[in-house]
Each structure stands twice: as structure tokens, then as C-alpha cells.
Amino acid sequence: MTERIGYITRVQSFSACHRLHSLRLSDEENKEVYGKCNNPYGHGHNYKVEVTVRGKIDPVTGMVMNLTDLKRSIEEVIMIPLDHKNLDKDVPYFADVVSTTENLAVYIWDNMAKALPASLLYEIRIHETDKNIVVYRGE
């Protein structure tokens with residue numbers, strides 16, 4: 001029987017605030033690079049994250065993976081640490097990493113990769129706004 005490869009994407013939304021500010025730049029450089037996103041009081045987003053896994057469709061179960069397990073991993077990796085949080089102050093990873101959506105995608109990838117079976121994670125896609133989308137595939 002031919003081995004089939006399938007992709008499953010689970011979408012999850014969460015809200016969080018942050019401030020784009022690099023400790024490696026002066027205050028003036030931060031204002032120049034990040035503009036209004038460098039506001040000292042921060043700003044918020046309603047992020048939409050798409051987590052895609054890729055793998056063999058099991059001939060017995062008919063699944064790449066159990067969606068219940070994927071939902072549980074997303075809850076642990078995304079919702080509990082990030083939802084309704086200040087990314088810069090509540091998430092230790094961002095203490096010295098700028099909380100851009102690119103870096104948020106890396107953070108989610110690294111933690112989802114640990115939570116899922118080996119080599120299943122395919123892509124993290126984050127919609128920061130309707131017009132701004134970041135894709136990360138672990139490269």
C-alpha cells in the first residue's frame with residue numbers, strides 16, 4: 001500500500017501585549033526602527049496562530065496525529081504562557097529577545113517541537129493583523 005502524507009492545521013487565537021524595543025539599540029534608534037510599536041506603554045494584538053503538522057497517515061487510525069493531542073499541546077505551549085499576557089514581562093524568553101512576531105513564531109516553534117512527536121511539526125503561521133502574517137518552518 002502506498003504511504004500517504006497528510007497535513008493537519010489547527011488554528012488558535014490569543015490576545016497579548018508587547019513593546020518592540022531592543023536592548024542593543026539606543027532609545028532614539030528604537031524609536032526610529034519600531035516607530036509607534038516602541039510606545040513605552042506597549043500595545044496589544046489579537047493573534048491568530050496556525051500550527052501545521054505533517055506526517056504519514058496511519059493506515060489503522062487514518063490520522064497523522066490525534067487532534068486531541070495537538071489541541072492539548074497548543075493549550076500548554078500557546079494559551080497558558082501567552083494568552084492575556086505581557087510578552088515582554090510575563091514570558092522569560094522575551095526578557096532579552098525582541099517580541100516581534102518573527103521571534104514569537106520561533107518561540108512557539110521551539111516549544112511545540114518539544115511537545116509533539118519528533119519531526120511532525122511542519123509550520124507555524126501567525127497572523128498579527130489581517131495584513132501582517134509571519135511563517136516559520138524551523139529554518
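Keep in mind that glycine also has a Cβ here, set from the backbone N, Cα and C atoms.
Annotation source TrEMBL lists Zn(2+) binding site at H18, H43, H45. Residues or ranges marked as active site, proton acceptor in TrEMBL: C37. Under the heading active site, charge relay system, TrEMBL lists H84, E128.
Take the binding-site residues H18, H45: by the count of other Cβ atoms within 10 Å of each Cβ, the lowest one is H45. Taking a C-beta cut-off of under 8 angstroms and a sequence separation of 6 or more, H43 (Zn(2+) binding site) has the following same-chain neighbours: C17, H18, R19, K36, C37. Distance noted between the C-alpha atoms of E128 (active site, charge relay system) and H45 (Zn(2+) binding site) is 7 Å. Long-range Cβ neighbours of H84 (active site, charge relay system) (same chain, at least 6 residues apart, Cβ-Cβ under 8 Å): F14, S15, A16. The Cβ of C37 (active site, proton acceptor) has 16 neighbouring Cβ atoms from other residues within 10 Å, across all protein chains displayed.
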